[in-house]
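Participant: Just lifted these from TrEMBL, have a look:
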type: TRANSMEM; residues: A:14-35; note: transmembrane segment
type: DOMAIN; residues: A:76-294; note: domain 'ABC transmembrane type-1'
type: TRANSMEM; residues: A:80-101; note: transmembrane segment
type: TRANSMEM; residues: A:113-137; note: transmembrane segment
type: TRANSMEM; residues: A:177-199; note: transmembrane segment
type: TRANSMEM; residues: A:220-240; note: transmembrane segment
type: TRANSMEM; residues: A:276-298; note: transmembrane segment
Amino acid sequence: MGPKKLKSVSYAKYGYIFSIPFVLAFLIFTAYPIFYTAVIGFTDLKGLGKTDFKFLENPLQNFEAVWKNPSFQKSLENTAIIWICNFIPQILLALLLTAWFTNQRQKLRCQGAFKVLFYMPNIITAATIAILFNSLFGYPLGPVNDLFQMLGIADGPTEFLRDKWTAKGIISFIQFWMWYGQTMIVLIAGVLGINPALFEAAEIDGATSRQVFFHITLPSLRTIMLFTLVTSLIGGMQMFDIPKLFLNGGPDSATLTVSVFIYNQAFSGSYLYNRAAAACMILFVIIAILSGILFYLLRDKDAGKLKKQMRELKKAQKAARRAEA
Amino acid sequence: MKRILALVLSVAMLFTLAIGISGCGGNEQTPASPDSSAPAQQTSSAPADTSTPAPEVSDDPNVKVLNLWSFTDEVPKMMDKYKEIYKQRTGQDFPYEIKTTIIATTDGAYQPALDQALASGGADAPDIYCVESAFVLKYTQGDAANYAAAYKDLGIDVDRLLKESEIAQYTVDIGTRPSDGKLVGLGYQATGGAFIYRRSIAKDVWGTDDPAVIKDKIGPGWEKFFQAAEEVKQKGYVMLSSDGDLWNPVRNAAEKPWIVDGKLYIDPAREAFFDYAKRLKDNGYSNDTTAWTDAWYADMKDAGPKKVFGFFGPAWLINYVMAGNSGGSKPGEGTYGDWAICEAPVGFFWGGTWVLANKDTKIPKTVGQIIEWITLDSSETGLQYFWANGTLEGPGGTKDTVASGAVMKKSDGKLDFLAGQNMFDVFVPAGEFARGDNMTQYDETINTYFTDQVREYVNGNKTKEQAIADFKQLVADNLDVIVE
Amino acid sequence: MRRESTLVGRTVSKTIKYIVCIFLAILSIMPFWIMMMNATRGTYEIQQNSISLLPSTYLISNFKVFEGKAFNPLVGFKNSLIIAGGATVLGIYFSCLTAYALVAYQWRLRQPFFTFIMAVLMIPAQVSGIGFYQFMYRIGWTNSYLPLILPAIAAPAMVFFMRQYLLGALSIDIVNSARIDGANEFYIFNRIVLPIMKPAMATQAIFAFVGSWNNLFMPMILLTDKAKYTMPIMVSLLRGDIYKTEYGAIYLGLTLTVLPLFIVYFALSKYIIAGVALGSMKE
């Protein structure tokens, strides 16, 4: 190969080649099953062991049935409430800890140990956590009840897990507690990627830690925050393990999430695969719309920056080519 | 750019469609599922095919493996004993390799896997499979009933053995397939329930702990039970630990199942649970715990706020739950030895395992022999004799009630936990009182919805009418059942 | 004067920070502590009081429960390691590769492909769950590790993370100079780019390994052969049915399940402590 042929065009094919494994795995293990699910949503497939199905005369019948289903509506509401109650404190705490751990002026001791420990709740399985929290909030005897009575907060035992709002609150708390460590790790990674020159400049200008955080760190974290927001939104909309294992959607459907609803449609007795599939697709569309909104809201500046970056990259490649020549 | 993306996606979709079509090809011959719109109805009280004798069956000599599916290791463990007995009886080694597949019922994983294995067939399909009371109806009477082999088609002389072994009727009812009236499943364990009460409290309240007397104090019927609860309360005790304890007998006393002709039906006996649970709570007849939580276990050894008079349950509740939680292991320690059992105000059963065979098994003769040994053999080398006397893995094991009344009558059911009372005296008739004709394959789900709504009412969050309306809505939302 | 008050202010704020951190640390350790204590307690002790901060004396007898059950920790470790290890390695490697394709090359579909990956990221797992499971049955991939390992190749969140990291860490000059030296693209990726990505790989490896190791539902449905059970499946089998649940043994099993995770986690934790710098596209 002569140096003349080392043009960017000749490398472009590697962009395709290196993407092939991802695309193939996606097509086989995700796209095909989704397609299958989507098709089922338009059919009469229900009941056990059935493989033959026919398309419904009204193709949207299942979608309508799910959309108008009071339990589905409630599950959407619950999912939204639980996600918001978990995500807002989660991102706030993660940001606060990020600010503390990346503060160059006031270094905390044992930072490393804290970072490592904060991720740990994520290691333990959801089933274990469900059992432990069930016992913690036991009624009429249980550690939390004992504590409340000891501290004089309550006169008698409280049935936490039968109250709709405490049940939702506890699930939000579990989600918050399991995930803030991971969010913090990702956010710290984002902060470390900010150009140090920005911080140095701020230092020279005499900015306080607070000013640095709000005027440099936060705006620079936009992309990473978007990533966190979107992944957490998707994770939150799919929330299944804890609501299912902890209270099985109860009390009185207060912790019934969309995923638990889908599971119940398919497996709690009637094998309504078609309705479950329709609910899956509705969930997908909702997530796509919400994510789209997030992308749109946080979009403009990024797009500009991206273009600029692409220009820089092209420039660098040109320079490299020139250097080669 | 957007157009290119759209193109990529549509190509991807076409590609997946192609895979889909080629993948779907060879899958048409799976057995047609039974009509799922007709869930379990009341079954005839006895198998209808009493006249035809069991046919001769034979095994495919090319098959060397027997597949056994279960959700615990209980039945797989029995196979070790079976091989031993087989050698004793025939003088030969058991000629098959038994391949056991155990999948826990945790998170509902057992059923999808079993369903798939039954539907797919082939060499790895289960020959014998176990199902639990929570989902047995699906496999004997509901959606998956057509996969099961009739016991008679396995060469088992069902009619003679049922009589000889004195199998409790509710087990037979549950194991009988309504579409052809044939028996397809039986259990080995009897799970008829009794009232398990504290001797010391009985003496304090009524001056005697004699089961014959206490039986008439707490029943028959719920009015007498609540009268007794009031008397127990006067002495500073509570009758029950949780309202969940009451639900098991109430549930089983219904005349008709939850679903009649495809429509939701709330049996008056079950609807009455609203009032019973409310009375229990409002009058302070219970410690207001929830079954299977710490506080409930604590009530078994007097660690709760008030001493609890009794629990409703079958023998397994005594053996596996109460004995261990009594705070002792011999009389005098904790509440161990201070218990007795008597007939419950209404008959009921709770739990149990049914054993089924695949209708496509290649070795029906062997499968039939094993199933007969587990479920219908009332001899002293049959499984149930070992099981009743706790001698399956050598002497000194846990004694348990078994499906065969004949076996229990010749076995020793004396328990130290019950101060020497022979539990079989109560559990044999208890099994006869239980009903197996009022269940559907949806019971587990419907029961959960129902008790959840009853708790809402009892806790004062809803009126009874609202709770019933919400219950109906839940059933309509989640199941393929007509709700009016 | 002013200096003193800021000094006081700093001490106060520092104390508050430590109190919060220590409180959170205790919250993190607590479940593990309770779990390990319960592993040494008897089933009935646990039923009476599930939460205890002190150990008991049933560790040996809990171990004995395993003997009669389908619980073989060594087999479980091995199987879980194959699945979680395989999924992690494949996921990391191919995510890096895809990210590299997105960062280092100029190709026409690059931006659409990135948008496509972000779209894939939005697909909830349940949507493909039902179809996936039936598909695997149809092609006979039950009792195989492949359906649990191979899907990791397409991990959109990981690709995104890697891409962000590469944007900040990859200098195109290094790549170009390697090209001038005659290295081919695969060599450059494997020998030059991958080592640069180590910190990001370690962080994502933790997330991926933990997720795969603890995964229960899909393995439980797909793996029905006893010899192929993973650790979580074995633990769930201990639960058996409601009649006799061996809680002590379950907690012991859970503790054993977590131990390898601890080893992996702490071995890789230096990257979490040091932190990974993600390019934020805001240069």
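Using N, Cα and C of the backbone, Cβ positions are placed for all residues, glycine too.
Values in this document were obtained by computation on a predicted structure and should not be read as measured data.
So where do these features actually land, and what's packed around them?
Facilitator: Non-local neighbours of the transmembrane segment (A:80-101) in the same chain are 108, 111, 114-115, 118, 168-169, 171-173, 175-176, 179-180, 183-184, 187-188, 191, 209, 213, 217-218, 225, 228-229, 232-233, 236-237, 239, 243, 255, 257; each lies 6+ residues outside the stretch with a CB under 8 Å from one of its CB atoms.
Within its own chain, the transmembrane segment (A:177-199) has Cβ neighbours under 8 Å at 86, 89-91, 93-95, 97-98, 101-102, 104, 115, 117-122, 129, 212, 216-217, 220-221, 223-225, 227-228, 232, 235, counting only residues six or more beyond its boundaries.
Counting residues 6+ beyond its ends, the transmembrane segment (A:220-240) has Cβ neighbours under 8 Å at 79, 82-83, 86-87, 90-91, 94, 175, 179, 183, 186-187, 189-191, 194, 198, 257-260, 263, 283, 286-287, 290-291, 294-295, 298, 301-302 in the same chain.
Within its own chain, the transmembrane segment (A:276-298) is flanked in space by residues 34, 37-41, 45, 62-63, 65-67, 72, 76, 222, 225-226, 229-230, 233-234, 237-238, 258-259, 261-263, 265-266, which lie at least six positions past its ends and keep a Cβ under 8 Å from the stretch.
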